[in-house]
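Accompanying notes for the structure given below.
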Ligand SMILES: Nc1ncnc2c1ncn2[C@@H]1O[C@H](COP(=O)(O)OP(=O)(O)O)[C@@H](O)[C@H]1O
Ligand SMILES: O=C(O)C1=C[C@@H](OP(=O)(O)O)[C@@H](O)[C@H](O)C1
Ligand SMILES: [Mg+2]
């Protein structure tokens, strides 16, 4: 296993939880959005506005391919990483994937003053989050090995729960039902 991967909608806590999880596991923390911003030399929001979403997705796909081949790490992705089939395959086959799930209303509460998320700079961001949830929840579930409910628990508690999952199943091989396994069929590795 090379990467412990966090996926989920904007505001789910991928960056925040991933950083703390990496610290606990003494693994490097990598955020694919941060890698992209470092390479671009500008923010993702600025790049989205200048070049459009498809150009961002091309870059994101290349970065995810590269990072999932790299050394062991905790890898937090951008919320749209699961849109490309190649990303879904690479993340699931090369990593241990946690879907951080939260309801659109919780995400809206966390992000309503955040101006860095390009897809949410619209008149009705809650409606947009509901649309994103409807479109992407099946893709997150298809990609994930574990689903973690993130609406109420603190970041620290979430990290504890993820560490417990990793201890239950350290090899990445399914060991029967543990209550929060993603119902997405047999493991592929
Ligand atoms: N479990 C949580 N409880 C409360 N606030 C959270 C939780 N997880 C993340 N946050 C807050 O939500 C916001 C978005 O978190 P972030 O890590 O940037 O999400 P993502 O990377 O998934 O978009 C941040 O302000 C963060 O502090
Ligand atoms: O949901 C998305 O499509 C996106 C989410 C962002 O990351 P966060 O999930 O960390 O906001 C970032 O990758 C980009 O703005 C696109
Ligand atoms: Mg993030």
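Along the chain as shown, residues are numbered 1 onward.
Glycine residues also receive a Cβ, built from the backbone N, Cα and C atoms like all the rest.
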ATP site partner of 11, 12, 13, 14, 15, 16 according to TrEMBL, chosen from 94, 96, 115, 117, is 117
Going by the substrate site in TrEMBL, where 33, 57, 136 are listed, which of the candidates 79, 95 is also part of it? 79
Suppose you had to name the range TrEMBL annotates as region 'Disordered'; which of 148-168, 169-189 would you pick? 169-189
Using a 10 Å cut-off on Cβ-Cβ distances across all protein chains shown, tell me which of the binding-site residues (14, 57, 117, 136) has the largest neighbour count. 14
33, 57, 136 screened against residue 12 (ATP binding site), Cα within 10 Å - retained binding-site residues: none
Counting every protein chain shown, other Cβ atoms within 10 Å of the Cβ of residue 13 (ATP binding site) number 24
Near ligand 1, meaning Cβ under 6 Å from any of its atoms: which of the binding-site residues 11, 12, 33, 57 fit that description? 11, 12
Cα distance, residue 14 (ATP binding site) to residue 79 (substrate binding site), nearest Å? 9
